Amino acid sequence: MRISGDWFVALLCLLGLGVEVLCDCTVQNMQINGGTYKLTKNLTKGSMLVYSCPEGHYPYPTLTRVCQPNGFWRPAPKRFLEQTCKPIECPDPYALENGNIFPPQERFYVGNQTTYKCFTGFMMRGSSSRICLPNGKWSGLTPICSRDFESVCSDPGIPPGASRIGNWFGNNSRVKYTCNENMFLVGSSERVCQENGWWTAQEPACYFKYTYDTPLDVAQAFGKQIVNTISVTESLDEPQDGRKIIISRNWALNIYIAVDISESMGNESIVNARHAVKTLIKKMARFGVSSNYEIVLFSSQVYEVANIQDFYDGREDLRKIIHDWETFETSGKTFNTNLNLVFQTFEERMSFLKQQAGIEGFKKHRHVLILFSDGAFNVGGLPLPAIARIKDMVYMSDEFREEYLDIFVFGVGDDIFDDDLQRLTVGTGGQHYFRMKNLSGLEEAFDRFIDENEVGELCGLYQESDATQDKASSLRRYPWVAFVLKKTLPKGMRCLGSLVSPDFVLTGAACLFSLEPKDVVVEIDDGSHSRESAQATDNTLVGREGNNKEECQSTSHVPGCSGNIQIPTDRQIELQLVAIVLFLVRPTWATHQLLHPIKALYCS
């Protein structure tokens, strides 16, 4: 009797007789009740089977399976536990102390709402009502019922799904957090009460394997940390979250970016990461911060797109970097993952900068490392020793230099190794680890991560990522545009102007020729309000000379005289019109007329 080749190979796969035989997996018993699945490499070795469910549900008991060389899936399907889509739950809210939760129920699913009420004598902080969101997180802030009259620090609370050890909140007291079964902690497990009344780190959170951060979460948390990095603290007694935004250009900001292009990441995540990084670079440039970049893609090797040394040698070209970043070909470069090599590369670049700048010069360097990966490194060893050396290089045995180094990690992919990735984060204060379902919304999050209402020195920031082409989106992209209208002209005839400070609009002199201030109206529409008008004032400058430093010091309405410029939130402002007059026949006089209004805007 003859045995077919297929049966013989199958027999070898089952017996494992020491013969290296590659066997395809099968889809038998791989179905999911209520959902679908996809295969990354068909049924061959290394292919990942990824389950997906409708909104508000998640795959149970596993999210993914990987095809092994012997033809079996890992993890293998369980005979008596059907793969199905289960409703998403939010963490147990009954961690609240000294209060009640309504309604009382065992589990809370997407859309469920809870309300919180403190016992008599206790004060409520945080949100009194919360809703379970589709990403597995609660809306609002952790509710806390406390009475903090005799404590140095306020009650730090207990996040949903967590337990806390420590109920004394005096100076140097510590609290420790752990998560309930089937959850993991994101953030610091320990917080210390400081003498100034603030807790170290930020409140941690408990995540399920299906919990993720939204682009809005990233815009708020990551944006706050980046702004803190490019800002200086107004008062040492305030926590980092209370920093006043003051742009400092007396030091170097070095940004190191690494994107994982290994097979496990998936092509869609890699493409979206590229878009997000491009937006981040452009946003930092528009924010007026001079940044130096080291940008790499990596798998088993590191592929350098931008070398930070070029920025210090004057050879950088951001346009070329962005072009190379968008067009870099990854095919044939996606095998294995070497995270250690990435941090070793960053360490080498930092060593070069330290050698070039000298110790004192290097003290003025701030470093931000941003990593996109699923954490599935399988070659090169652990990256923790390289990170430890980077910390030593930046900190210089000075604990007050901890704010000079931040490592942000974006966990993304179908199967994220959260524990491994969280250990890579470094930084004081806020959130440094973000768990993403995908990166499709990250480009817009990066474009909006700076709260323009907090930036007192800038009149408007260009926003590029609006997908729509409607009027409101256009105005958000060009928030400095103003319309100068002459009341004596027919409707529709108007001049363009540019908002160059909270109080001044720059326009052409021809628009104001022989006009009185009462005949001029300025309209501004920022896309978020209805169009608002301002009557030009009697202080309108029409090709006027003067406004030297002495006049500036004695004239309160000229921006720059009173320090930081504040932008009125309602944009109801009296606008000064600065008309620049250029006459080709008298270039010297024209230049003189041009410079004086500019001085008026910025003298101090």
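Using the three backbone atoms N, Cα and C, a Cβ is placed for every residue, glycine included.
The feature disulfide bond is assigned by TrEMBL to Cys118-Cys145, Cys179-Cys206. Look at TrEMBL and you will find 88-147, 151-208 tagged as domain 'Sushi'. The domain 'VWFA' annotation in TrEMBL covers 254-449. The signal peptide annotation in TrEMBL covers 1-23.
In the predicted structure, the domain 'Sushi' (88-147) carries a mean pLDDT of 96. Across the fold, the C-alpha of Cys179 (disulfide bond) and the C-alpha of Cys118 (disulfide bond) stand 23 Å from each other. There are 22 other CB atoms within 10 A of the CB of Cys179 (disulfide bond), with all protein chains counted. Cys206 (disulfide bond): 26 other CB atoms within 10 A of its CB, across all protein chains. Looking at Cys145 (disulfide bond) and Cys206 (disulfide bond), their Cα atoms lie 20 Å from each other. Counting in whole angstrom, Cys118 (disulfide bond) lies 23 from Cys206 (disulfide bond) by their C-alpha atoms. In the domain 'Sushi' (88-147), helix, strand and coil residues by DSSP number 0 helix, 23 strand, 37 coil.
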